[in-house]
Amino acid sequence: MLVLVINSGSSSLKYQVRDVASHSVLTEGLIEKIGMGNGGEGDGEIEGPRDHAEALEQVDAAIHEVLGDRTLDAVGHRVVHGGERFGEPVLIDNEITRAIERLNPLAPLHNPANVLGIRAIAKKWPDMPQVAVFDTAFHRTLPEHAWRYAVPDSLYTNHGIRRYGFHGTSHEYVSHQAAALLDLPVEEFDGVIAHLGNGASVTAIRGGKSVDTSMGFTPLEGLVMGTRSGDLDPSILVFLGRAGWSTEDIDSLLNRESGLKGLAGNNDMRSVVEASEAGDARAATALAVASYRLAKYIGGYHVAVGGAKALVFTAGIGENSHLFRALVGDKLGALGVELDAGLNSQRSKEPRVISTAASLIPVLVVPTDEERAIAEATAAVVHSAS
């Protein structure tokens, strides 16, 4: 089955065509500045379109050059927020599209853009099966004590204020890969997965199910990220409001000017590491704060899963920054974690163990592949519906 995987943003459209049977990527690309001018990159030169419908025409042309007479069988969409309704991928129809739109208040920057992609596909290929794969779905198994905030019940019942979690597609995919590497059925996998990119989250997995995760009502909660603060005292927001900051100013501060950028002046982990190694005190502090925050979460989630059978690093930083992994590992000695310096420093695109034989908890690096996960989920839903 050939699946077109779509990640539709408000001004961008990322696409990839996967052959599900062979796991191969046939073509991929990114169209940017939709409605804003020219922009695009991929296997062919793509100029910026007026809207998502025009963007899709350009995607179609680029795909046709590669596929020739072969045709797409389905489209899988990354949808950021599935709320409490969607706990698994679903075949999209008009009612599902409207349900996703009703969740717009919970993800105002993402869900409306996801729907633009869905509607563009439906207009161009009305008979094409479309499947929504939700970032939040894997975390629908969180027990109430993990997803509840200690605020009046009316905030949950009237406004849906609770912890949802994100990066679920990645965490689920990586948990299966990690279990296979350890020769365990996924139903017996108890572990902690750290998805570390510009956005970062850590998830506690028990029996193959998510039982806690660091992101909450929004992707702002939790770890120190590229430009997001992660956890902080909520009274700081009240303090800033009383000092004259607008809600827009505070939102921008916490989501776009904080994290590594706020601490070190740069949101790119590679640059922060280089600066730290060159003696930059701000960069060293940023790494210390970020690694300490993650280590605290890992310790707590070791308890949440009843004793972790594995600690797994994934995503851009988790897969590639051996120095950051070492900083985190050094803080986990109380759990019996011991990284092998040689294995940790090796680069590979394959799942691998980077801990010593004496480590009480195996430490793994497992590359994530969200597009593959979305393509496989899409194929499964379409097959079950046929």
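Residue numbers in this text run from 1 along the chain shown.
Every residue, even glycine, has its Cβ placed from backbone N, Cα and C.
What Swiss-Prot annotates here:
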- D135: active site, proton donor/acceptor (ACT_SITE)
- N7, E370: Mg(2+) binding site (BINDING)
- K14, H195, L196, G197, N198, G199, D268, M269, R270, G316, I317, G318, E319, N320: ATP binding site (BINDING)
- R78: substrate binding site (BINDING)
- H167: site 'Transition state stabilizer' (SITE)
- R228: site 'Transition state stabilizer' (SITE)
Integer Å distance between the CA atoms belonging to R228 (site 'Transition state stabilizer') and D268 (ATP binding site):
12
Once the chains shown are all counted, how many other Cβ atoms turn up within 10 Å of the Cβ of H167 (site 'Transition state stabilizer')?
28
Entry from the recorded positions list D135, E319, E370 having the most other CB atoms no farther than 10 A:
D135
I'd like to know which of the recorded positions N7, R78, D135, H167, E370 sit within 10 A of N198 (ATP binding site) at the Cα level.
none
Spatially, and counting Cα to Cα, which of the binding-site residues is closest to the residue listed as 'substrate binding site'? Options: N7, K14, R270, I317.
N7
For I317 (ATP binding site), which residues in the same chain are close in space, meaning a Cβ under 8 Å from its Cβ, but six or more apart along the sequence?
L196, G197, A200, M269, F324
Pull out the recorded positions from the set N7, H167, R270 whose C-alpha sits within 10 Å of the C-alpha of the residue listed as 'active site, proton donor/acceptor'.
H167
For E370 (Mg(2+) binding site), just give me the three-state DSSP call.
helix
